[in-house]
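> Encoded as structure tokens, here's the structure I'll be asking about.
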Protein chains: 2
Amino acid sequence: MSVVESVLGHQLFEQFDAFLFDADGVLWLGGKPINGAIDYLRYLVDKGKKVFIITNNSTKTIADYAAKCKKLGFDMIQPEQIISPAKVVAHLLSMHKSDLPVYLVGSAGLQRELMQEGIESFGVGPDPVQNYTNSDFIHEIDVSRPVRAVVVSYDVHINYVKIMKAINYIEQPGVKFIATNEDATFPGPNPKVRIPGAGTNVMAVQYPAGKEPVVIGKPARPIFDYICEKFGVVPERTIMIGDRCDTDIKFGRDHGMFTMLVGTGINSMDDVKQFERQNRPDLIPHYFTHSLKHLLDTM
Amino acid sequence: MSVVESVLGHQLFEQFDAFLFDADGVLWLGGKPINGAIDYLRYLVDKGKKVFIITNNSTKTIADYAAKCKKLGFDMIQPEQIISPAKVVAHLLSMHKSDLPVYLVGSAGLQRELMQEGIESFGVGPDPVQNYTNSDFIHEIDVSRPVRAVVVSYDVHINYVKIMKAINYIEQPGVKFIATNEDATFPGPNPKVRIPGAGTNVMAVQYPAGKEPVVIGKPARPIFDYICEKFGVVPERTIMIGDRCDTDIKFGRDHGMFTMLVGTGINSMDDVKQFERQNRPDLIPHYFTHSLKHLLDTM
């Protein structure tokens, strides 16, 4: 018998002012909205609740995300209700005035998000090893262009050159080392295929660098601080609703919020029971629901 | 005052039957022999001691290494006295008969070493991400060719495609996951440049795979077992001589051998004193010498 409570929609509605939703596996799967998600979010927004989408995916800009929301039917969500590590990295860097660019191991979307806060970056796209060596080794790498920070995120073009540039920049005095998030893998259209996530790149840089980055995304603190400061969210009156225990539930638990696992994505109650046996209270949600549709039906 | 003893050449000579040497920083630096190293090794061999070179560098074949030894003046060293993880991986795989190849994240030298034990492999060389996707994501990867193992080592061509292939192979039943070594960086001609080592690739695969490899090289056990079985080395009568505490000294300490740090490479006695303050007895050598020349002079 698990300690996790099933919960009805009206109980949540009364208990909380702010509802934070993970996206993939909660609101949509790939390109399709999950049954009930659109209507549940519309209900909460119409009744004056604070509603946010908190994603770790930093390959898109917030504008790209807002367009996706609109296209899928989540037209009640405004761009400022969507928060990603890309947004928070850009915000944090913009608070420290500097003309120096960022060396970015990341996507063009992350680069555009940084640019919207006036932060220049370089490094996006392929950087073929063949341009640097024909042998097994690169003994020198050009890190003469000054940078303010190294930002590591998801980057399909990760390779030896980028890792080597990143670690040699991180060695320079005053250069910050920032990671958008540490997700090991992410879900794709074929559930049997493992797809390396941003955390793969983060580990590939932090291990030879011998230094740990400031991590922004769930479950780390910076994205939580951002929400609190920007939107006056009160943790005790806030619930984080997600499909992954190691990011979403841990994020809520670590920062004093309530948490709910929804059974339409990665983790199930079987996983939760295993975390209970492993004595991992940080991974155990306060509540469980099979779907957002069930919550709506029990308002 | 450190617990580490300085030692004279004749003391070591009387106490030990077998002398294991790391190569870079102990016998040579880059392409040049370190003063006294050739003469000291020749003395030991001439007097009937067992002498081995134990390297973690698996980018060369043993034959390549033997040629390098001969060229630098270490002509008293025969190929069978040189042991690398490449050699031990090949040996371990050859003990389990299989017609299946290995998926290799490694160099052409490692591939040749495996081939000498009759083990086929594929994956060496560039595998450009552009052949798989024009977008930020690869959602499918071809791992239909059956393999017996994934071997991860130093590979300047490491990239997203190779990481993704490796983790999806590792998911398949019965596929072994082997790492030659976990060195984070290695020394190059410019001491200010950090060069990512094989461990970078190992971390980049093990993190999204969610599984740890069998590690072969120093300080792990398999390379020690190999020496004991193959050469009848007795740990209590053996000394490991190296310039790195986290590989060489830990290797000796973890497996019951005596250890000596030599001050011509990476770590100094200042580092050792820090390890003493950190209470890391596994990183503290039994003996210290400034150079092999000093040992020779005190025979």
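The backbone N, Cα and C atoms fix where each Cβ goes, and this holds for glycine too.
All TrEMBL annotations are machine predictions without curation.
In case it's useful when we look at the structure, here is the feature table from TrEMBL:
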type: ACT_SITE; residues: B:D22; note: active site, nucleophile
type: BINDING; residues: B:D22, B:D24, B:D243; note: Mg(2+) binding site
type: ACT_SITE; residues: B:D24; note: active site, proton donor
type: BINDING; residues: B:K218; note: substrate binding site
> Tell me the coarse DSSP state (helix, strand, coil) of B:D24 (Mg(2+) binding site).
strand
> How far is it from B:K218 (substrate binding site) to B:D24 (Mg(2+) binding site), counting Cα to Cα, in Å?
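That separation, Cα to Cα, works out to 14 Å.
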> Could you round the CA separation between the residue listed as 'active site, nucleophile' and B:D243 (Mg(2+) binding site) to a whole angstrom and send it over?
7
> Which chain neighbours of the Mg(2+) site, leaving out B:D22, B:D24, B:D243, have a Cβ atom within 8 Å of the mean position of the site's Cβ atoms?
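Residues close to the Mg(2+) site, other than B:D22, B:D24, B:D243: B:A23, B:G25, B:V26, B:L27, B:G242, B:R244, B:D248, B:G265, B:I266.
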> Between the recorded positions B:D22, B:D24, B:D243, where is the Cβ count within 10 Å the lowest?
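Ranked by other Cβ atoms within 10 Å, the recorded positions B:D22, B:D24, B:D243 bottom out at B:D24.
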> Ten-angstrom check, please: count other Cβ atoms within 10 Å of the Cβ of B:K218 (substrate binding site), all chains counted.
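I get 28 for this one.
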